[in-house]
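Colleague: Mind looking over this structure? Questions follow.
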C-alpha cells in the first residue's frame, strides 16, 4: 500500500475545476462573436482535472470558508495552485490557491 502513496500525491499536483464552472466558461465564450476558446485557455483547461464528485466540490468549498467571511467572495469551483484561473472570463481571480468571484462586484 505504501507504493501507492506517491501516485496518489501526484494526482493532487493538478488543479481542479468543476463541471459547472466549465459550463459557465463555455456559455460566456459562446456569447462572444467568434465563440472560440483561445489557445492558452484550451491548454490551461486540459491541464486541470474536472471534478464532478459532490464530496470533492464540497471539500473545495469548505476549505475556502475562512476567506469567504473576510472578503465578500465565493469560490468559482476551480483551484489555481499550478495554473491560473480559467474562470477569469466569468470574473474570477486567484486568491489563496482557489479561484474566487467578488460577490459585491
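Every residue, even glycine, has its Cβ placed from backbone N, Cα and C.
Bear in mind that the values here come from a model prediction, so they are computed numbers and not experimental data.
Annotation source Swiss-Prot lists disulfide bond at 76-92, 80-94, 85-99. Under the heading signal peptide, Swiss-Prot lists 1-9, citing similarity to another entry as support.
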Colleague: For residue 76 (disulfide bond), just give me the three-state DSSP call.
Modeller: strand
Colleague: What is the interatomic distance between the Cα atoms of residue 80 (disulfide bond) and residue 92 (disulfide bond), given in whole Å?
Modeller: 11
Colleague: I need the most crowded of these disulfide-bonded residues: 85, 94. Count other C-beta atoms within 10 angstroms of each C-beta and give me the top one.
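Modeller: Per the Cβ count within 10 Å, the most buried is 85.
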Colleague: Which secondary structure state does DSSP assign to residue 99 (disulfide bond), in the simple three-class scheme?
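Modeller: Its secondary structure by DSSP: strand.
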Colleague: Report the nearest neighbour of residue 76 (disulfide bond) in space among the disulfide-bonded residues 85, 94, 99, comparing Cα positions.
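Modeller: Among 85, 94, 99, 99.
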Colleague: Identify, in sequence order, the residues in the chain of residue 92 (disulfide bond) that are 6 or more apart from it along the sequence and have a CB within less than 8 Å of its CB; answer 'none' if there are none.
Modeller: 76, 78, 85, 99, 100, 101
Colleague: What number of additional C-beta atoms lies within 10 angstroms of the C-beta atom of residue 76 (disulfide bond)?
Modeller: 27
